[in-house]
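Asks: Pasting a structure here, questions to come.
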Amino acid sequence: MTIGPDALTVGPLVLGWSQLTLVLGLLAWSTLARFRGAGVAAVVALFTARLWATLPGLFGNLSQSLGAQLLELLDVRRGGWAWGPGLAAGLFALWWPRRQFPTHLAFPLLVTVLAGLLPLLLKPTPTVQTFPAALFPRLAGRTVSPPVPLPRPGVVNLWATWCPPCRAEMPLLMRAVQAGEPVVLLNVGEPASTVGAFLRAYPATNATWLGGEAVTGALRVSGFPTTFAVNARGRIVARHLGPLSSAQLQTLIQQAKATP
């Protein structure tokens, strides 16, 4: 078992901290909350938490079709949970039918909240606060340039073609690149021919660099994709494991640009 800044790794299983929060909270609530309306309250809480976290990014990305936006909302792999509004909505769903809370609410609610907070207590602070000052060859079409530093400020996405979540978020990242956002795609451990063949379907291949395996150890990367918001001084101001939603990508871009 390995405890990293992004996830808990047990053998081949990689559980991001936000995923672990969801799993532990649901397990505690479903085990202890045996009163009427508990299931409905859980559904309301989850739906509200997901909707609250995801909608800002969907409204800000009008180029997506309605179907693509709904799929992003339902794709829980992309993280993005607003637990404060979700908890408030769940409590309201419990109170509304009888205009009072169930008699035995306090204990299961307390245990659920504590179970959800446990990953925050286990999660270690990243030891590396600055993105390594390495040089990476840039891929433009079929041409590989000499190694250069990554541009900054920007969002650096470590990915691989064999990684299904990486492939799932690639259209989102490419739209951001085409819109002129500072997004860097840093491939890990694959030759230029493999990466170039995969990216032929996308026009913005000039945002792709190779050789990301040189920094995965120092950054304690648990899995892919892993994305970093890097400010103008090279400091890592935020990081995320797993495919991004539109809202998460916009937040990382803003953090990279705004942090001095």
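Just so you know, glycine gets a Cβ as well, placed from its N, Cα and C.
Positions annotated as transmembrane segment by TrEMBL: 12-32, 39-59, 79-96, 103-122. Look at TrEMBL and you will find 125-258 tagged as domain 'Thioredoxin'.
Could you place the listed features in the three-dimensional structure?
Replies: Same-chain residues lying 6+ beyond the ends of the transmembrane segment (12-32) with a Cβ under 8 Å from its Cβ atoms: 6, 38, 42, 76, 79, 81, 83, 107-108, 111-120, 122-123, 222-223, 241-242.
Long-range neighbours of the transmembrane segment (39-59) within the same chain, counting only residues 6 or more positions beyond its ends whose Cβ lies under 8 Å from a Cβ of the stretch, are 26, 29-30, 33, 69, 72-73, 76, 80-83, 85-94, 245-250.
A Cβ distance under 8 Å defines the sequence-distant neighbours of the transmembrane segment (79-96), meaning residues of its chain 6+ beyond its ends; these are 16, 18-19, 21-22, 37-38, 40-42, 44-50, 52-54, 57, 102, 105, 113, 116, 240, 242, 244-245, 247-248.
If you look at the transmembrane segment (103-122), the same-chain residues 6 or more away from its ends with a CB under 8 A from one of its CBs are 3, 8, 17-18, 20-22, 24-25, 27-29, 32-35, 38, 83, 87, 94.
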